[in-house]
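A.B. asks: What follows is a structure written as structure tokens; I'll ask about it next.
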Amino acid sequence: MRLCHPSLLFFFLLLSMSNAAPKVNKKHIFKLARDLSEAKRLKQPISCVGCIALAAPLATIAKLTPTEGIILWFAKMICSINQPMEVCDGITQQFRGEFFYVFRRLANEPSKICAALIPGCVDPSDPDGEGWNIPLPPLPRSLPSPSASSSSSISPPNVLKVLQITDIHIDFHYESGSEAECADPVCCRGKNSRNWANPSVSAGFWGTIGKCDIPYRTMENMLKHISDTQHIDYIMVGGDIIDHYDWKYSWEETLEVLQNVSSLFKTHFPTTPIYWALGNHEGVPVNSFAPHSVNEQFWPVHLYDQLTEMNKPWIKEDGDNSSRFRGSWSTLVTDRLRLISINTGFCINTNFFLYLNQSDPDGTMTWFVDQLTKAELSGENVHILAHIPPGYYDCLEGWSRNYYRVIQRFSSIITGQFFGHVHYDYFTLFYEDMNDVSSEPIGVAYVSPSASTFDYLNPGYRVYTLDAENTFKIIDHDNYYADLSFADENTEPEWKLLYSARQEYNITDLSPKSWNAVADNIFTNATLTDRFFQLAYRTESPRCDSSCRHYQLCLLRSGHHNDDLYCPPNHLETNRVY
């Protein structure tokens, strides 16, 4: 669902707090909203001086006349330009407390509001904004030889089979036969969707390739198929379990869904280690992950406690773990292999709290470096499990750049990076020089396919083969999917192999150097480009226009935001937000 960017809402909240707000013509407000939104999308210059000149007096008024009713009214009107009023009512109520808490503190610094609103107004050296830097330890003079540990969950054979499932987005209110092409942000919910009595396109029994999440039975069918047909050594669940009806979120329902889905996994894999990461849709409100620097009322304590419970008994609670504090964790999954999960709710640009101070929220990046340093000194290899890929447009540049620096520093021990969030699958290369793609490739981040069909995708999952005798590097990955257009109430989904990476791209290994050559071929070979998008979307006719395709190809080498380097200057961002 595409929501109004928080910085744009901040601007109109400022405007709405002036004494003249009730007299403002709504048509003028709507036109200004469209103009600013389009200018930001096209990256057209808007005067930073003019923005600050307007924001400064309005911020002063804001501190004197905090009229919440007027503010909420304007926010709903701006939202309703592109969304149904029911959605706007829900979103403004969801974010009400957070809006006012953050905005009234930003009102003291109008330059921060403009920096959030206009890309050209960002100060890249601001240590509280994009310019923060995480300290990195020097390389050790010598490293210990790898040694066995008795605290791991499993004992490895020569290879390990690892299942990654991400972006499940189960809709417990999914109704087959309901409207699948509704005007709402998400469809397939019976009377909750428009045209429910006479649908133009009926929702399928097992799911719909459209603007719909998947029903519970489809996830159950997938897990049963995997457990019946494959040996899996451990499972990584990459976040976003909750549906896309984020204007209706509540803590009660979110926690109930997490408990239900984790029980479903345990039913089909009762003895298999299952490791859970957090997605942005686990936040209530959506994307909201308050650092401990803000008022306690906003802390997502219930979510972090639930995450800890879901990861038992596979993750020990000790001084090094922080799942109950910041939603990140670290554990040995087997001798010499450490799995670290980092909460990327602290990188998403629609987490309003980050606009107060972007610098290492809750010390998550510092904790991440500490875990990697201990692993390095202990002779361990490291895999990383997280939700939002660095360099994707809704992950803040300060976070993306610092994550990139961490990967560069610890590239000798990090042999796997696993993400989700985007729903289609791709890979991102990391280089010795983050601003020079002709330098040595040093790492690969894998962005895995979604189990959800949202939006216009077939559901999928991925199985990695790891070399347990050689740094736990990835030997291959197999991608599976089900074409739901062939499934109905009498025919179960057929889960089948879509492609294997080595065979599909004709490479002998999955090293960064090999993937770099694959990227070159995808960029230059039109047939391979088309094939890449068919595999990424799990459909023969992906819904991705030329600007969308261009942006997604840029992601193959964009581990942080540097459009001038990785992409032609006239490229447009995709409008998809998950």
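Along the chain as shown, the residues are counted starting at 1.
Every residue, even glycine, has its Cβ placed from backbone N, Cα and C.
So TrEMBL has the following annotated:
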type     : residues                       : note
BINDING  : ASP167, HIS169, ASP240, HIS423 : Zn(2+) 1 binding site
BINDING  : ASP240, ASN280, HIS387, HIS421 : Zn(2+) 2 binding site
DISULFID : CYS51-CYS114                   : disulfide bond
DISULFID : CYS79-CYS88                    : disulfide bond
DISULFID : CYS182-CYS187                  : disulfide bond
DISULFID : CYS188-CYS212                  : disulfide bond
DISULFID : CYS347-CYS395                  : disulfide bond
DISULFID : CYS544-CYS548                  : disulfide bond
A.B. asks: Between CYS182, CYS187, CYS212, CYS395, CYS548, which of the disulfide-bonded residues has the fewest other CB atoms within 10 angstroms in the structure shown?
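C.D. replies: Output over disulfide-bonded residues CYS182, CYS187, CYS212, CYS395, CYS548: least Cβ neighbours within 10 Å is CYS548.
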A.B. asks: Using a 10 Å cut-off, grab the number of neighbouring Cβ atoms around the Cβ of HIS169 (Zn(2+) 1 binding site), all chains included.
C.D. replies: 26
A.B. asks: Looking at the binding-site residues HIS169, ASN280, HIS387, whose Cα is closest in space to that of CYS188 (disulfide bond)?
C.D. replies: HIS169
A.B. asks: In whole Å, how far is CYS187 (disulfide bond) from CYS212 (disulfide bond) when you measure between their Cα atoms?
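C.D. replies: If we compare the Cα positions of CYS212 (disulfide bond) and CYS187 (disulfide bond), the gap is 5 Å.
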A.B. asks: Of the binding-site residues listed here (ASP167, HIS169, ASN280, HIS387, HIS421), which is spatially closest to CYS51 (disulfide bond) when Cα positions are compared?
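C.D. replies: Nearest candidate: ASN280.
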A.B. asks: Rounded to a whole angstrom, what is the C-alpha distance between CYS548 (disulfide bond) and HIS423 (Zn(2+) 1 binding site)?
C.D. replies: 14
A.B. asks: Express the distance between the Cα positions of HIS169 (Zn(2+) 1 binding site) and CYS544 (disulfide bond) as a whole number of Å.
C.D. replies: 21
A.B. asks: Give me the Cα-Cα distance between HIS423 (Zn(2+) 1 binding site) and CYS544 (disulfide bond), rounded to a whole Å.
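C.D. replies: That separation, Cα to Cα, works out to 13 Å.
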A.B. asks: Which residue, of the disulfide-bonded residues CYS88, CYS188, CYS544, has its CB surrounded by the fewest other CB atoms within 10 A?
C.D. replies: CYS544
A.B. asks: Around ASN280 (Zn(2+) 2 binding site), how many other C-beta atoms are within 10 angstroms of its C-beta?
C.D. replies: 25
